[in-house]
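Structure provided below as structure tokens; questions to follow.
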Amino acid sequence: MGFGRGCETTAVPLLVAVAALLVGTAGHLYPGEVCPGMDIRNNLTRLHELENCSVIEGHLQILLMFKTRPEDFRDLSFPKLIMITDYLLLFRVYGLESLKDLFPNLTVIRGSRLFFNYALVIFEMVHLKELGLYNLMNITRGSVRIEKNNELCYLATIDWSRILDSVEDNYIVLNKDDNEECGDVCPGTAKGKTNCPATVINGQFVERCWTHSHCQKVCPTICKSHGCTAEGLCCHKECLGNCSEPDDPTKCVACRNFYLDGQCVETCPPPYYHFQDWRCVNFSFCQDLHFKCRNSRKPGCHQYVIHNNKCIPECPSGYTMNSSNLMCTPCLGPCPKVCQILEGEKTIDSVTSAQELRGCTVINGSLIINIRGGNNLAAELEANLGLIEEISGFLKIRRSYALVSLSFFRKLHLIRGETLEIGNYSFYALDNQNLRQLWDWSKHNLTITQGKLFFHYNPKLCLSEIHKMEEVSGTKGRQERNDIALKTNGDQASCENELLKFSFIRTSFDKILLRWEPYWPPDFRDLLGFMLFYKEAPYQNVTEFDGQDACGSNSWTVVDIDPPQRSNDPKSQTPSHPGWLMRGLKPWTQYAIFVKTLVTFSDERRTYGAKSDIIYVQTDATNPSVPLDPISVSNSSSQIILKWKPPSDPNGNITHYLVYWERQAEDSELFELDYCLKGLKLPSRTWSPPFESDDSQKHNQSEYDDSASECCSCPKTDSQILKELEESSFRKTFEDYLHNVVFVPRPSRKRRSLEEVGNVTATTLTLPDFPNVSSTIVPTSQEEHRPFEKVVNKESLVISGLRHFTGYRIELQACNQDSPDERCSVAAYVSARTMPEAKADDIVGPVTHEIFENNVVHLMWQEPKEPNGLIVLYEVSYRRYGDEELHLCVSRKHFALERGCRLRGLSPGNYSVRVRATSLAGNGSWTEPTYFYVTDYLDVPSNIAKIIIGPLIFVFLFSVVIGSIYLFLRKRQPDGPMGPLYASSNPEYLSASDVFPSSVYVPDEWEVPREKITLLRELGQGSFGMVYEGNAKDIIKGEAETRVAVKTVNESASLRERIEFLNEASVMKGFTCHHVVRLLGVVSKGQPTLVVMELMAHGDLKSHLRSLRPDAENNPGRPPPTLQEMIQMTAEIADGMAYLNAKKFVHRDLAARNCMVAHDFTVKIGDFGMTRDIYETDYYRKGGKGLLPVRWMSPESLKDGVFTASSDMWSFGVVLWEITSLAEQPYQGLSNEQVLKFVMDGGYLDPPDNCPERLTDLMRMCWQFNPKMRPTFLEIVNLLKDDLHPSFPEVSFFYSEENKAPESEELEMEFEDMENVPLDRSSHCQREEAGGREGGSSLSIKRTYDEHIPYTHMNGGKKNGRVLTLPRSNPS
């Protein structure tokens, strides 16, 4: 286990102990290990190394896995991984669909080292559907690059500004999300709930989530980037990401600055040092890294030093290390590194000893090179000794059998000779068996100030090389006769070489065939063979001994070749030419090549040999790499402009490009889904705007001549140019990755004529089969999807003759030879969609209609012949003269069944209708209005009507006059014989007493003899009189005596009040729901009139809640309700209201005061009016009208006097607020007039302090401004059913047989009764599919306001269902 980027692959074994020490002190902050950076590619084997990692100190790259499948990742999860210190890169990992299970707890990416300025890179992940990093809270440094992921969604739902400090440099393009094809649905959205936090980006208030099941965690703004707990409490300022407890530096998930001994700190205190920008280490830790790396022979690790309170890999520029304390000290002027040889001379006998002089520029002393073996010696010696410029003493090369050349001293230019070897030698070379070259004297200068040269027993070093050194170094004439041995230097080398000449050279893209002239020494048996040397040489400046040593390290590739067979025929004059076929070469690459002989050595005669000059040969061209950066855009409805850049590896001279294109069919899912339903986002497709460049202006010149002459593109700024350079560098890096994979070029195709492109004409798309449907839609033929091809000699192409608003798949190949056997690259793919046709979505012809009985109108129209993509729905707009315009959504499937739409339940009158289609490109034009007249299906012939209409008009006028007189007298005598007028909380519950005050109550089976009722004690004052607790005999079957509540009427009550009292009791005779207070009987004979009700032992809910306050005087000793108890209350009230809703009753006055609490604490809907006098302050008289509970009323009820089940749902939300606040006054601090204005302007209550999030979400659902967006009471129960008491299913309406609706549930109503009924403005076109009746003119009110979801894509607003951003109340 290594630490630090520099040691991630080379010093791993050295640092296991250090890592173990760190893990031992990690505490609970990091439960696993600190692992080095990882590069995981090709397969999943190394991925298991992440199993125990909490921190990756370095980067994590997962890439190039082409055989993996989704099931391979299903059991892989690394929940311990919390932080990556550098960057995370994913590239071409097949089968990986989400990271939510792979890295479920990844919280921080620090970005200490970036990948081209990016800390998170997701590139060409072909199967990735979502990121899923739902615990990712901070990317401390760097940006995000997410590019070319064709299936990746849930990008628009991520608020990156909550994760990064700046989002300006993020590069998120060419993903599926860009095309608006993603139906991103955050948790709860499909069920109408708002579970995820919403934030504002670019003026849009959007929910934030990572997946359909994981919200993005958004901490309060005050927490900044410190993170917060699950409850939303801010973490300590030193935390990063999240924490388990607030304001505690030991409970952080990760540290903002540095980690030390189980807690987060701002800086490392002495004696600790900063390490890798995230943790603190002591001096011993840094020292161990330094010496273990220095003693290691493995390259790449760093000898860590101390600088500015940091443990860093090496001293910065301008500093040098003090070896005594590992501190970096500044240089004076340029920073030479003078190395003092303490004993006067230093022997270099290994790479390790050479590393001690790494970075030295001046040697104060002498060097002795005595290296007999080692790996990669030439490179290692050059890395460690290559900076030496000056030696003050002497240089001695002795018995260094591994050396071939001294070129590793590449900067040595001065040997002072202040200290000389015995015999006054400043350069000494003895017994170096393989030394063949000193330096390349054409490029190297060396001065020896004093002293002589000594050369003995260097058998392969020619004397000519030694004499050249004498001339260059200025030592010629200093040497004596025995200083340079004439017989032991060069005696085994071919110093008197003949020149070999190549006689034949032939090349291919990966081979070179060579032949050269034959060579034979005087004794042909001395020739052992030939040695062929070659290497890549971009430039023709190569020398023979570059990078060579005698231990095998050699920058040249060497091939041993046997000598040719020598003919035994002495007359033969044509000896065969030796040669070699070089294989495995790179195409279109220049190679340096030379050949020399290998001969035996003889003491008895001179050694002969031969060697060629270095020649340069280039291999042939072959298939190029893929073209770079293909971009496709559309500039019209029939054209696509394609641009690209040349391939990075042309492997020859690019001669032309091949472009193939093929029309793509639309997703089959689009044909099947009903986009009028709730939760389905309307699909759309987009096309890219044309290029804003000179070329594109040329393409569009005929179409945009005026604009082109007036506008020109602005010059790019330096920052834009820098950005493009960075992006280009990024793309080239990934091109290197592509070369790790062997691509197979496309099989050659038969060329097609370009004229065939003209046959790609606009056609309609295929419609899936619907039963009993006669469709005029023409199926798309296979011929129309055939591919087309064009040869292009430049780096752009305009493809014409395409179908409007249609997707095309385009393949692009680069070729570097124009011949029958083309050399072309693997294809680069790009997709594009043509622009829409302006009138293609317009409906052809007029809208026709047919009127049936029962006020049913069948509308019919023709589908657009060639729409933009395909039609997904139709919008029908109709209105009756004098009324508002109504809109109806007709799905594609519904239109296919009906060839139009049926309007049902229309009121008599003149109507106008118009229709428009919505395609993938948007809305078409409205048709011309069609007019029709709907008559009353009860109309009689006109001659009879004339006889009837006259008397009716007379009766109507007479009624108006009588009514006016009656109202006048009432105003003059408000306390007349009828008594004062009380506003009923539920006018629907009244009989005709308001219209016929003389009506009389008729006793029925509910009548109870007065003698069976015994009054015990007073319970409280009701709206009509006192309410008592009593006993009733034989009132419930099987019970001899029952405790009951008895309501009475005051003796002074008027006749109207007594009738209203009995009629309210009559209404309750029809209620048999466990969660509605039950009527047990009526005593109407005699005085006073009694109504016997089920006894609710704990009174009304408002009083009960207030009694549970800890400081309440009447507290019965019970604690405040728990969350479970509040959910139980909520469900019981919702179940009772659902029952009333099913009975077609609107409550109008739902509040805690009108809910009652039974002896077992079951909450039930109260007896509709009992509490009016008791809580009179909760009501408000508006404009001289009746008393109104304005603090519980919905906006539409306050504004228009409209009361529906949806307005009851608003009141239900206020009841939830009362439950969670223990019955505080809603909008406390605001007057009734202020509340009325506040609510009508879109305001609603803030949740109470410490309100459970689940109940807060329910409240906000109830307080949607648009009534149609509020849930139903049945939906509320359905949301809570899993958390209710086991007895709930046995007694509730929700689980009862009565809740199972019949096939059609409609209600006959008079037109005058429609005022208080929630009308379905969408008509019944869609309802017909659900089994509604076709006949009859009755008006259905069965939850149409909930089931028909408004289509928010059509000019949203309050009237069609957009959820608006509402102002929040601030009662305080």
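Any Cβ shown, glycine's included, is placed from N, Cα and C.
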Scan Cys462, Cys551 and flag the one Swiss-Prot records as disulfide-linked to Cys495.
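So the cysteine that Swiss-Prot bonds to Cys495 would be Cys462.
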Going by Swiss-Prot alone, which of Asn364, Asn1050 is annotated as N-linked glycosylation site?
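Among Asn364, Asn1050, the one Swiss-Prot marks as N-linked glycosylation site is Asn364.
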Under Swiss-Prot, the annotation region 'Insulin-binding' belongs to which of these stretches: 672-680, 735-743, 852-860?
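Residues 735-743 are the ones Swiss-Prot records as region 'Insulin-binding'.
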Can you check which of 629-652, 773-796, 1349-1372 Swiss-Prot lists as region 'Disordered'?
1349-1372
Looking at the disulfide bonds in Swiss-Prot, identify which of Cys268, Cys293 pairs up with Cys280.
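Disulfide pairing in Swiss-Prot: Cys280 with Cys268.
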Which residue in the list Cys223, Cys252, Cys255 does Swiss-Prot annotate as forming a disulfide bond with Cys239?
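So the cysteine that Swiss-Prot bonds to Cys239 would be Cys252.
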From the ranges 986-989, 1322-1325, 1342-1345, grab the one Swiss-Prot calls region 'Important for interaction with IRS1, SHC1 and STAT5B'.
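In Swiss-Prot, residues 986-989 carry the label region 'Important for interaction with IRS1, SHC1 and STAT5B'.
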What residue among the glycosylation sites Asn43, Asn52, Asn322, Asn635 has the most other CB atoms lying within 10 A of its CB?
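When each Cβ's neighbours within 10 Å are tallied, Asn635 tops the list.
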How big is the Cα-to-Cα gap, in Å, between Asn322 (N-linked glycosylation site) and Asn635 (N-linked glycosylation site)?
66
If you count the C-beta atoms lying within 10 Å of each candidate's C-beta, which of the glycosylation sites Asn424, Asn910, Asn923 ends up with the smallest number?
Asn910
For the C-alpha pair, I'd like the distance in angstrom between Asn653 (N-linked glycosylation site) and Asp1149 (active site, proton donor/acceptor), rounded off.
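Each residue's Cα considered, Asn653 (N-linked glycosylation site) and Asp1149 (active site, proton donor/acceptor) end up 85 Å apart.
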To the nearest Å, how far is the Cα of Asn424 (N-linked glycosylation site) from the Cα of Asn105 (N-linked glycosylation site)?
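Rounded to the nearest whole number, the Cα-Cα distance is 72 Å.
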Using Cβ-Cβ distances, find the residues under 8 Å from Asn445 (N-linked glycosylation site) that belong to the same chain and are at least 6 apart in sequence, listing them in sequence order.
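Within the chain, Asn445 (N-linked glycosylation site) has Cβ neighbours under 8 Å at His413, Val472.
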Asn105, Asn541, Asn653: which of these glycosylation sites has the highest Cβ count within 10 Å of its own Cβ?
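Neighbour-count leader: Asn105.
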Could you give the Cα-Cα distance between Asn635 (N-linked glycosylation site) and Asn923 (N-linked glycosylation site), in whole Å?
20
Which of the glycosylation sites Asn43, Asn52, Asn105, Asn541 has its Cα nearest to the Cα of Asn910 (N-linked glycosylation site)?
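Checking each of Asn43, Asn52, Asn105, Asn541 against Asn910 (N-linked glycosylation site), the shortest Cα distance is to Asn105.
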What is the separation, in Å, between the Cα atoms of Asp1149 (active site, proton donor/acceptor) and Asn923 (N-linked glycosylation site)?
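Pair distance, Cα basis, whole Å: 43 Å.
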What kind of secondary structure is Asn910 (N-linked glycosylation site) part of, going by DSSP in three states?
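It is in a strand.
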Which of the glycosylation sites Asn43, Asn541, Asn923 has its Cα closest in space to the Cα of Asn105 (N-linked glycosylation site)?
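Result: the closest of the glycosylation sites to Asn105 (N-linked glycosylation site) is Asn43.
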Compute the C-alpha separation of Asn52 (N-linked glycosylation site) from Asn43 (N-linked glycosylation site), stating it in Å without decimals.
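Answer for this pair: 19 Å between alpha carbons.
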Across the domain 'Fibronectin type-III 1' (626-728), what does the mean pLDDT come to, as a whole number?
70
